[in-house]
Structure formats: structure tokens, C-alpha cells
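Here is what TrEMBL records for this protein:
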type	residues	note
BINDING	HIS211, ASP249, HIS454, GLU458	divalent metal cation binding site
SIGNAL	1-20	signal peptide
Amino acid sequence: MVRYLLYLFLIYIFFKQSIRELYSSLVGGSNATFIGCQLRLNLIEEEGNYNSWLSLHLSTLMLTGYKIVFQRILSLTCRRNYHESISQTLACSPFSSYSKLSALRSTFFSDPSHCSIRSHQLSTHLCHCYSFSCSLSHSSHPTGPMDLKEVLDVLEQLAPLSLAESWDNVGLLVEPIKCRPIKTILLTNDLTDSVMSEAEAMNCDLIISYHPPLFRPIKCLVSKDWKQRLVIRAIAAGIAVFSPHTSWDSVKGGVNDWLVGGVGSGKVSVLSQALSSAPQSHKLEFTARSQEELNTIMAELKGMNSGVNLQHKAVSSETDGFFISLICPDSALTPSVQTLLKHAAPSQSLSILQVKKRPLPGYGQGRLSVLDEPVTVAAAVQQMKSHLGLNHLRLALGAQQTLESTVNTVAVCAGSGGSVLNGVKADLYITGEMSHHEVLDSVAAGASVILSDHSNSERGFLAVFKKRLAVHLSNSVTVALSRADRDPLEVV
């Protein structure tokens, strides 16, 4: 009995901590390792109908060194059938022992809530919910000083730069000549003279500026241009400058998901779907009259594209010989076509198709939310003021709409959202800025429009990202929010 009560007390302590503290408790030992791609743990209890479950998907979870502790948690929190299922999953895992700790990867943490543990002796009135989602990678969790490359790797994991728009200028924009440990990181929406002075005063090592201070190509570095002057000051102070911009807009759980959450929960979808960053490929379809000709063609193609993986499928026909479908990367397209045109049958039958890139569900620009609980336009305005920390917003009521009109659907785009929101069917648009005529078009279509000014629709996400970034950094790294950063426009 005493042992059982001791277990309950330990589990209570475990789940009263924040996600970060719980993570540290479970994997703080040198032998503890998470192996896998994604774990989603949901411990849910409903009054009168307790149901605790854990689902593993996309990969296998393995806890080495704390496997027994984990199973004890399961035994006290899950029904027997779930406990046995997870225990079997752990026992059958192909991973045995690892010494390096796997760090959390790209999925952003949600704010932790607390969970009460159910037992037969606890009141049925204790009803709490705890859920978290995390991605797992094979990189070591940092414990000591971190250099610039290590921090950049973390930023890439949280929001891959490949998600940025093709026109954008993202990534490391200024690199110091001399390498030094990253001890202080300053987050800002825009890098201005006042923000740079703030960074210099705090001996900052890395500035993460949401908007890229360098956007267009430059031919010289002179102090009379204010943006070039910032670069000169950064280099002189040994401060690195990094910009994520539209990669943060696109990533799941990023700026746009944060923005749309200001109106309330709902079923969220992406307005402009992001596509896989894999190189563009093409499908070449052609015919060959005989097996001998097919073998000759394929040998020539492989010879012209050494080191390139050419995937092909051939289907034989009694009348037409062979029909071949070949997939080649963009870099191999020209030499492959030149090779095929040397042969009579392929040159007469060749067709070239561009292979569509795979969509990335949940990633992309803009968001559309079908609200779980509809609100009025007036309520939406108040909720967004609170969410963005603003006293004033600009509102354009849609045709035939009033402040008491019901809002069921909301479309958002952080920053300047006119092009992304154009033509989207929604009761309410929320963005930083739109042109005069874009607002007129939206209103005529029946959509009300809330404008916050450009950077005000983005800046609030920095506080969220600060917490998420800190989870992945060494304790020796301090992450600070700029106090000098603000939108250049204000209501007077």
C-alpha cells in the first residue's frame, strides 16, 4: 500500500510540471533516448467516462534507461488494454540502446496544462486534460555553449527555410568574421537603428529579425543608406543577423496559425498550400520498337546522366513494342531529351510532363478557420485587440453587414494579405494591411475587413516563438524580445 501511494505521489509530481520540466525529468539521464519521428500523447479523462489513450504514429517510441518509469506511468494512467498495447510496442521496438539524447525537432510546443492522475481512490470529480505533441530527431540536446551553426540548425528544424516564398530573402544575412559562442539572442520584427543600438548595448550575439533587413541586392556598403549602415554596425559588433520571414508564415503552428487563433478555435485550413522542397522532376513518355532498342536507349541515358537516379517503367505491347515512362530530375532533362531525339521511335512519340510537387498538409500562406463558436463582428474586433495587444484596429464592414452580423468563417494573412485573401470566401478578413481598392473589392463581396497595420499582425508571435526556441537551446543561451521594436505607424 505504501509503495502504491508513493507511486501516486511521484506521478503527481511528474505531471504538475510544465512540458519542459516533464521532458527534463524523463530524459535528463545520460542513457535516456527518444527514437522516432513523431509522438502524440493524449491523456484525457472525462467525468463518468474515463478514457486514457496513447497513440504512436509515423515511427516507434523507445525510452532507454527510463523504460520502467514510463511503463509505471502507463500502469497508473491508462486502462489495462492500452497499457498492454503500449508495453508490447516498447518491447518489440527494433531500437535497443543508445547513449545520445534525441532533441525535439520541428513541431512547436503548445502551452502546457496540468493533469491529475486517476486511480480508484481519487475522486471522480478530478477531471483534467493533458496533451502534447512533439517531433523527434537524432540530434543531441545541447548542454554547453552553442556556436552559430548549432543555433542555425535549431532554427532550421523549427521552420525549414525551404518553406519560404521564392521571392523572399531568408536565412543567415550577416555572418561575423570571428566565431564566438552564442550567449544572447535578440528577437525583433524589424531591424532598425534603435533595435541595433539595443543589441549593441546588451552585447548581443545573434539578431533574429522576422523581416529581412537586406531584401534587394546591394552593390556597395555605405553608411548613408540606413539598411547598409545596419549591416556595417552588425559586422563591426560581431553580431550575426538571421531572418525567417515567410518560412515562419508557412510553417504549421507559425505566425498565421497564431493570428487566426485570436478569433477563437475552429477547423483551420491553408489558403495557399506549400509544396515539397524536393527538386523539380519531369516525366518523359516515349516508345521503343524492340527490347534491344530499349536497352540501348537506357544505357545511353544512364551514360549521359552518371550519378543521377533515373526511374523508368516499360510496358510491352504486341503491336507497338514498348511504352516507357521515365522520371528524371530537372538537371537531367536536357541531356535526356537530346539522347531520346537521336532515336527514331522515341523522337516521334516523346512527350514531356512536369511532375507536380507533393503538397505539405498544414503548411503554406494564409489560413481559413471555420469557427467552432460563431461570433459577432464586434466581438471579433475586441478579441483581436486583446490578441494583438492593440487599443485600435481599422474595420471595414462588408456590404449589408453590421457590427452585430455573425462571423462563421475567418480568413487571415499576416503582414500584407491582399493577394493571398483575394477571392477567398469568408465572413471576415484579418491582415496587417491591404490597398484601398483591395478593401473595396472585399467589402463589395460581403466580407468585413480588420486591418492592424503590417507588423502589428506579426509581432505578437515573437513572444510565442521565444518560449519554443528556448526549449531547444542550451541553458547558457538567453533569448530576449526587443523593447525598441514597434510598428512605425501609430494612431494619433
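Cβ from N, Cα, C; glycine included.
No curator has checked TrEMBL annotations; they are predicted automatically.
Considering other CB atoms within 10 Å as the measure, the emptiest surroundings among the binding-site residues HIS211, HIS454 are those of HIS211. Ranking the binding-site residues ASP249, GLU458 by C-beta neighbours within 10 Å puts ASP249 at the top. Neighbours of the divalent metal cation site: apart from HIS211, ASP249, HIS454, GLU458, residues of the same chain with C-beta atoms within 8 angstroms of the site's C-beta centroid are ASN189, TYR210, HIS245, VAL255, ALA414, GLY415, GLY432, SER455, SER457.
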